[in-house]
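Going by TrEMBL, these are the annotated features:
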{"type": "ACT_SITE", "residues": "H187", "note": "active site, proton donor"}
{"type": "ACT_SITE", "residues": "E325", "note": "active site, proton acceptor"}
{"type": "BINDING", "residues": "N91, R92, D256", "note": "beta-D-galactose binding site"}
Amino acid sequence: MIRYHSVSMGITEDIFGTYCDPDIGEKEVKRYTLTCKSGIEVQVISYGAGVSAVLVPDKLGNKEHVTLGFDDIKGYEKFGYQGSSVGRRANRICKGKITVDGQTYQLNINNNDNHLHGGKRGWDKYIWESCITDGSVVFSRLSPDGEEGYPGDVLAQVKYNLDDDGSLHIDFEAMTTKATPICMTNHCFFNLAGHCCGQKGLFQHVVKVNADRFTPVSKVLIPTGELAPVGGTAYDLRSPITFGEVLPKAPGQGFDHNFCLHQVRRGELGFAARFHHPPTGRVLEVYTSEPGVQIYTGNFLPEEKGKMVGRNGSSYTYQGSFCCEPQNFPDAVNQPNFPLDIYRPGQPYKHSMMYKFSVEK
């Protein structure tokens with residue numbers, strides 16, 4: 001039986017399902033629904049400390065899901081990273097090798113001989129502890145020393161807060177007992193046309209990214225170490241352009257690249273990107289305190305319908321959504337000219353980001 005609890009500050013709690021943890025057995029998955037005066041509704045779950053739903057009205061007032069999602073927990077178990085909090089280290093690490101203070105560690109390999117999004121069982125695949133505090137939903141977990149090969153115990157926290165203007169604040173914090181890389185982000189798959197509108201809806205989006213450089217990558221998407229100007233390339237998104245115009249010009253006809261943000265100072269919340277779907281009027285603006293943002297256009301989603309079945313029986317397919325993942329640059333631990341990636345005891349990791357939803361009428 002689903003149990004509901006009315007809570008102040010526009011948050012309700014219920015049980016989304018049960019997850020069988022391979023280490024400790026069955027655990028309930030808690031779900032929290034956040035609402036605000038602008039009509040935006042967000043649901044977050046304790047599995048992966050993730051966003052499971054975002055409903056946004058269009059210019060006629062019709063609400064629709066704008067993130068990919070599933071009707072039950074089994075969908076989130078089968079298809080990784082859907083709305084999840086990603087860690088311990090988001091994005092790719094070359095060959096899974098890191099060197100910290102002269103000691104080399106081998107992380108678990110899970111993506112083309114490289115380490116991706118925290119490894120075989122990253123933070124997106126755990127049940128997090130959760131509570132409601134001062135109008136926010138707070139998730140936390142302890143990542144033990146040696147988990148996926150990383151050094152140090154890390155106590156991590158993710159906090160969600162929804163403002164009345166439709167701004168979803170996501171604040172990540174972590175503390176470690178040993179020097180270790182930490183980089184956390186949210187991994188929502190968006191389609192502002194509606195979660196089931198596919199590539200046609202994606203191509204209608206007008207995108208702008210506040211970046212004058214990007215990090216070129218190898219065939220297996222590991223940065224070369226270069227910080228290349230976007231000018232004259234398909235990665236120049238400084239002026240608004242539709243995905244339909246720019247993606248056919250990109251190598252591989254899609255994005256899975258880190259953009260180096262034009263940032264005043266790391267640690268301060270700044271504008272990263274804007275996405276607008278003119279037919280519905282829906283707008284998403286993304287802000288972050290980190291120096292980069294990974295733009296991904298669903299290139300690895302299945303081409304064949306029915307392979308990935310989501311909410312209400314919808315079929316999610318190739319380039320049917322996009323991700324905008326604020327974070328530090330990929331493989332920064334192995335690139336001396338990339339921003340700081342190692343955190344130490346007494347040096348807290350903090351990343352604030354915001355998804356701001358609105359409607360242009």
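Numbers here mean position along the shown chain, with the first residue as 1.
For all residues, glycine too, the Cβ spot is worked out from N, Cα and C.
Those residues noted as binding beta-D-galactose (N91, R92, D256) have their most widely separated CA atoms at a distance of 11 Å. In this structure, the recorded positions D256, E325 were compared by how many other Cβ atoms lie within 10 Å of their Cβ, and the smallest count belongs to D256. The recorded positions recorded for this entry are R92, H187, D256, and the Cα of H187 lies nearest to that of E325 (active site, proton acceptor).
The binding-site residues shown are N91, R92, D256; of these, the one with its CA atom nearest the CA of the residue listed as 'active site, proton donor' is N91. Those residues of the chain, other than N91, R92, D256, with a C-beta within 8 angstroms of the mean position of the beta-D-galactose site C-beta atoms are L116, V217, L221, I222, N258, Q294, P330.
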